[in-house]
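Below: the structure, in structure tokens.
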Amino acid sequence: MANSQRSSSLIDPRNGFCTSNSTFYSKRKPLALPSKESLDITTFISSQTYRGKTAFIDAATDHRISFSDLWMAVDRVADCLLHDVGIRRGDVVLVLSPNTISIPIVCLSVMSLGAVLTTANPLNTASEILRQIADSNPKLAFTTPELAPKIASSGISIVLERVEDTLRVPRGLKVVGNLTEMMKKEPSGQAVRNQVHKDDTAMLLYSSGTTGRSKGVNSSHGNLIAHVARYIAEPFEQPQQTFICTVPLFHTFGLLNFVLATLALGTTVVILPRFDLGEMMAAVEKYRATTLILVPPVLVTMINKADQIMKKYDVSFLRTVRCGGAPLSKEVTQGFMKKYPTVDVYQGYALTESNGAGASIESVEESRRYGAVGLLSCGVEARIVDPNTGQVMGLNQTGELWLKGPSIAKGYFRNEEEIITSEGWLKTGDLCYIDNDGFLFIVDRLKELIKYKGYQVPPAELEALLLNHPDILDAAVIPFPDKEAGQFPMAYVARKPESNLCEKKVIDFISKQVAPYKKIRKVAFIDSIPKTPSGKTLRKDLIKFAISKI
């Protein structure tokens with residue numbers, strides 16, 4: 001592969017393409033990163049200048065926390081974790097909780113100590129969460145009385161939010177503290193904490209990965225600092241703006257945006273406990289929200305229910321909707337702008353492994369490039385590589401997107417899969433091309449993940465469960481297109497001879513074993529699953545067949 005050293009004289013300013021190494025460079029402002037090696041993400045964010053007063057608002061209770069109170073709470077919780085609980089640099093701490101304004105405090109406290117933050121989806125079943133615990137081996141978990149039973153058999157110590165929560169958890173769970181008391185306790189003034197380095201792991205977030213198996217992604221403090229530095233370099237909103245957080249904070253999309261980036265900009269974030277269209281629009285009106293960050297299915301719902309929304313809610317302060325998780329079609333973008341003419345729609349592209357780096361739309365003019373996910377993020381390099389030959393390609397040629405930059409994760413935890421090369425290139429698993437003006441277009445997904453309402457569903461996991469059914473000979477799971485959800489899991493099932501297995505029984509069999517977003521919602525029966533000579537499922541053939549029947 002060509003040497004990645006850039007030659008500015010050979011870089012086309014129109015699209016950022018360098019002919020000497022077939023690499024695309026960002027057209028955005030250069031990324032300025034701190035030179036200090038001993039620096040954690042919490043310290044970096046807290047050192048920023050804030051013009052706003054309120055950091056977070058709980059939409060359910062209207063409870064507010066100011067920036068000054070937030071940092072005081074972060075300091076006190078970190079002190080308790082260090083001296084009372086014994087959390088040290090490198091220890092893993094799990095957060096298993098629905099959205100609350102306590103989550104940013106917990107996350108920032110944990111990472112300030114050099115401990116490693118990991119999160120789990122509250123909707124996951126106990127067995128799914130316990131598998132993740134077995135892999136990441138957390139020393140402590142922050143959770144709620146409602147979710148504590150899911151980790152009761154793990155034996156790990158837990159911290160709850162309130163004192164009274166202790167009475168509501170199963171016997172046998174080791175409760176070592178509550179967040180309310182930790183935030184009130186004066187710092188101990190004891191020994192200085194361990195020094196944290198930028199290369200230390202800060203977060204261990206679980207991504208489905210390119211093969212569909214759940215993997216922990218190791219991201220360093222330096223990776224997260226680079227993500228936040230991009231927002232500081234090109235702040236996409238002014239500090240007086242108000243955001244509504246509807247996305248889950250356990251996910252990279254929520255964590256990177258609302259625990260880190262918007263906090264560094266000094267903006268106010270209103271946190272909803274869960275997504276509900278009515279509650280979201282009521283919060284937009286009540287708090288005069290200016291910015292929404294959404295996944296595409298919510299955008300579609302806002303289009304379909306625009307007339308009811310405009311009659312019931314005052315959305316006059318709303319100026320921007322940012323969308324991620326999947327590309328927006330021209331029809332959806334134009335449909336939204338027609339219904340909400342004073343609101344701009346910007347979209348972006350990133351992965352758990354890239355920590356927010358990828359591409360984004362940053363202006364009204366750029367948003368008119370329909371179908372594109374934007375220009376490369378500042379500090380990002382990209383290559384388009386033929387997935388079969390490994391040849392590096394050029395403008396308007398489709399291949400696998402490779403990304404490089406300071407935000408790219410260190411790699412997978414306890415997994416030898418090489419998706420980050422020795423030169424630091426992240427193989428995204430997405431088929432893309434970059435046009436003459438440097439805009440990135442997503443064509444298809446090599447990784448075969450199903451994206452249901454912004455959630456990633458690995459087909460391999462569902463296929464393994466299906467094959468445990470006594471009447472199923474073989475099975476394949478594919479993404480089936482859906483206007484509201486984007487995609488949902490559909491199963492092709494080869495029944496054993498003499499079996500009278502029906503669609504409902506297959507759906508019920510899976511629904512008892514997985515989180516709601518992973519449920520199979522359509523089943524078709526087939527004599528045999530088409531496969532390559534090497535035994536790999538020809539999933540694309542099944543997708544084409546399913547779509548042809550619509």
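Yeah, the Cβs are placed from backbone N, Cα and C, and that goes for glycine too.
Look at Swiss-Prot and you will find Ser207, Ser208, Gly209, Thr210, Thr211, Lys215, Gln347, Gly348, Thr352, Asp430, Arg445, Lys536 tagged as ATP binding site, backed by similarity to another entry. DSSP classifies Gln347 (ATP binding site) as strand under the three-state reduction. Within 10 Å of the C-beta of Gln347 (ATP binding site) we count 25 further C-beta atoms, all protein chains included.
What Swiss-Prot lists as (E)-4-coumaroyl-AMP binding site is Phe253, Gly325, Gln347, Gly348, Thr352, Lys447, Lys451, and the listing cites similarity to another entry. All protein chains included, Gly325 ((E)-4-coumaroyl-AMP binding site) registers 23 other Cβ atoms within 10 Å of its own Cβ.
Residues annotated as CoA binding site in Swiss-Prot: Arg274, Lys453, Gly454. Mapped onto three states, the DSSP output places Arg274 (CoA binding site) in coil.
Feature annotation from Swiss-Prot assigns region 'SBD1' to 276-347.
What Swiss-Prot records for 348-412 is region 'SBD2', and it gives similarity to another entry as the kind of evidence. If you average pLDDT over the region 'SBD2' (348-412) in this model, you get 94.
The DSSP secondary structure for Thr352 (ATP binding site) is helix.
Taking the C-alpha positions, the distance from Thr352 (ATP binding site) to Gly325 ((E)-4-coumaroyl-AMP binding site) comes to 11 Å. Spatially, by CA atoms, the binding-site residues Ser207, Phe253, Gly325, Gln347, Gly348 include one closest to Lys453 (CoA binding site), and that is Gly325. If you measure from the Cα atom of Ser207 (ATP binding site) to that of Lys451 ((E)-4-coumaroyl-AMP binding site), you get 13 Å. A strand conformation is recorded for Lys451 ((E)-4-coumaroyl-AMP binding site) in the three-state DSSP classification.
Separating the Cα atoms of Gly454 (CoA binding site) and Gly325 ((E)-4-coumaroyl-AMP binding site) is a whole-number distance of 6 Å. Taking only the Cα positions, the spacing between Lys451 ((E)-4-coumaroyl-AMP binding site) and Gln347 (ATP binding site) is 16 angstrom.
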